[in-house]
Amino acid sequence: MERRSESPCLRDSPDRRSGSPDVKGPPPVKVARLEQNGSPMGARGRPNGAVAKAVGGLMIPVFCVVEQLDGSLEYDNREEHAEFVLVRKDVLFSQLVETALLALGYSHSSAAQAQGIIKLGRWNPLPLSYVTDAPDATVADMLQDVYHVVTLKIQLQSCSKLEDLPAEQWNHATVRNALKELLKEMNQSTLAKECPLSQSMISSIVNSTYYANVSATKCQEFGRWYKKYKKIKVERVERENLSDYCVLGQRPMHLPNMNQLASLGKTNEQSPHSQIHHSTPIRNQVPALQPIMSPGLLSPQLSPQLVRQQIAMAHLINQQIAVSRLLAHQHPQAINQQFLNHPPIPRAVKPEPTNSSVEVSPDIYQQVRDELKRASVSQAVFARVAFNRTQGLLSEILRKEEDPRTASQSLLVNLRAMQNFLNLPEVERDRIYQDERERSMNPNVSMVSSASSSPSSSRTPQAKTSTPTTDLPIKVDGANVNITAAIYDEIQQEMKRAKVSQALFAKVAANKSQGWLCELLRWKENPSPENRTLWENLCTIRRFLNLPQHERDVIYEEESRHHHSERMQHVVQLPPEPVQVLHRQQSQPTKESSPPREEAPPPPPPTEDSCAKKPRSRTKISLEALGILQSFIHDVGLYPDQEAIHTLSAQLDLPKHTIIKFFQNQRYHVKHHGKLKEHLGSAVDVAEYKDEELLTESEENDSEEGSEEMYKVEAEEENADKSKAAPAETDQR
């Protein structure tokens with residue numbers, strides 16, 4: 001039997017509640033936190049308790065009843081409060097309880113331990129796990145048509161901390177919240193070495209991309225490890241504090257006065273921007289320490305054990321307040337996405353360790369726009385000098401404005417590069433702009449100097465000859481063109497039919513880059529003439545797709561042949577390898593009549609050094625690129641995903657297989673030597689790596705099989721590209 005103090009209409013459907021004049025709005029103590037979490041009073045409800053009818057937007061109102069489950073019989077099922085919560089439609093249905101509690105102002109630990117029961121009208125309530133077993137079901141899929149008769153009952157457990165929760169009660173949500181707390185102290189690679197979960201699984205769980213819930217056995221194993229970890233951490237803190245404060249007459253310098261500590265705690269509780277609500281037992285212990293620890297000396301009458309306990313507790317409270325004050329200065333919606341640190345793009349020759357801590361500002365997009373206006377530079381120039389990509393990709397990044405805290409590794413690498421560039425002095429940035437303009441006006445000079453320049457400027461614009469796509473206008477009149485969202489599927493089907501890459505299709509169809517086409521197919525925005533840029537680009541693609549199939553195949557073939565010839569001309573014009581190019585030309589087997597140049601005396605037999613020159617041109621990692629890769633390993637780990645490898649390859653102007661071999665070698669040294677391979681101020685050539693120095697698939701553990709498979713696929717793609725390019729180069733020579 002449910003015991004409630006409100007009107008019986010609360011037990012019925014929200015329709016009955018909306019018609020009752022006795023039902024009041026939510027408690028005033030929760031109003032500030034609700035508005036802070038994006039639930040304004042006007043959208044949440046009316047004075048008589050009725051819910052707004054319009055749900056055509058991004059939110060769905062859900063009536064929540066929060067119940068506290070205590071151990072005593074008297075308050076065995078005590079209701080805390082009941083009110084409406086606006087929930088985004090794209091939230092996973094399995095995360096409905098956690099999202100609702102966070103919107104109501106509860107802590108992450110409380111949300112992780114809560115259980116949800118859903119009630120539809122007068123039907124019997126069911127646990128959320130019984131409603132659907134689809135891991136990717138969203139709130140809109142389940143509640144879009146019945147939200148007005150749904151009541152979500154949330155039962156809170158009595159455990160105040162995650163480490164107090166029994167291992168048998170750990171579930172997917174509990175593991176996710178525990179990981180978020182741990183990732184505030186360490187990065188993913190370090191955590192993966194200590195906990196039972198792999199790094200890829202940790203990243204997927206925290207980013208909510210791991211749709212299949214973790215098994216109950218794995219959750220219980222993680223819960224047991226978490227309790228041991230917390231216990232060991234507390235003991236270590238006690239030992240450190242005991243060694244520091246063993247002299248009773250000496251007051252710790254970093255430990256504040258308890259009066260100041262209490263005032264800081266009150267200030268932190270009243271902070272409107274703080275998203276962390278500490279549990280009640282920790283807050284109540286602040287005034288309890290005042291009679292024990294005075295502003296002067298510690299009382300010598302206390303037992304050593306009690307002194308250690310009080311010092312450890314004060315240290316923990318100090319850490320809690322420091323974390324809360326840090327989070328109070330961040331964006332209000334930065335709830336739990338501060339766990340990923342990604343590499344900066346240093347400009348110095350030697351990598352600076354301090355650059356690895358550069359964080360991406362939430363207003364990075366506005367900073368970029370302000371910089372474009374201040375320096376009067378185009379997006380193409382800024383994209384080239386800031387993160388060495390194309391104007392199309394920068395335009396897509398500025399248009400999407402994804403939150404850096406929830407972005408992918410690839411986007412974060414680009415944002416880090418832009419942030420690092422904007423942190424340079426204004427005079428230095430202007431000088432870089434001027435150098436880029438000069439290189440653009442003198443492409444031949446930039447092509448010769450590209451061999452000795454840094455990776456940030458090595459991908460300079462080259463002299464572009466006429467391509468087969470010059471007759472295709474970039475902008476077309478789309479007034480009479482019928483374009484729908486189905487064009488995205490047509491693009492993918494065309495690439496599969498013709499067996500062409502995204503880069504090739506983007507070049508011939510819209511004169512764009514592969515990154516731009518990748519973003520286009522990722523977002524699949526609804527085509528509309530109001531979005532002029534998107535509409536014109538899609539019109540160009542539509543015009544290309546309307547060509548006969550044989551004409552499109554001819555264009556693909558011509559562009560592919562032109563690409564290989566342009567690449568060969570670039571290799572011939574590079575000065576560091578004239579002997580190598582001559583050797584390759586003279587060593588080609590002839591199928592027809594011998595040309596006159598073969599009458600020259602044969603070249604000397606190739607040595608090991610001359611044979612190794614060719615791979616070194618594309619396998620040598622400079623000092624600056626080495627600093628970027630080492631920073632990536634330090635902040636992200638040894639297992640970058642495919643998108644991050646693609647971004648690093650484009651940013652450092654290195655082939656993907658070179659970057660993959662570098663990471664494989666580093667993993668080999670970590671596995672067999674317990675540390676990363678040190679490079680003492682010298683460049684690295686992955687061609688010098690021996691086969692036994694690359695971590696093979698048999699030596700990878702289960703958590704790393706996915707990454708190794710991806711590396712093999714990338715290497716095979718690179719080898720396939722080289723084998724395809726060889727016949728074309730032979731014909732050209």
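Glycine residues also receive a Cβ, built from the backbone N, Cα and C atoms like all the rest.
The model shown is predicted, which means the values in this text are computed figures rather than measured ones.
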Out of 15-74, 195-254, 615-674, let me know the one Swiss-Prot marks DNA-binding region.
615-674
Relative to the Cβ position of Lys161 (SUMO2 cross-link), how many further Cβ atoms are located within 10 Å?
13
Summarise the DNA-binding region (350-437) as counts of helix, strand and coil residues per DSSP.
62 helix, 0 strand, 26 coil
Can you name the residues of this chain that are 6 or more positions from Lys233 (SUMO cross-link) yet have a C-beta less than 8 Å from its C-beta?
none
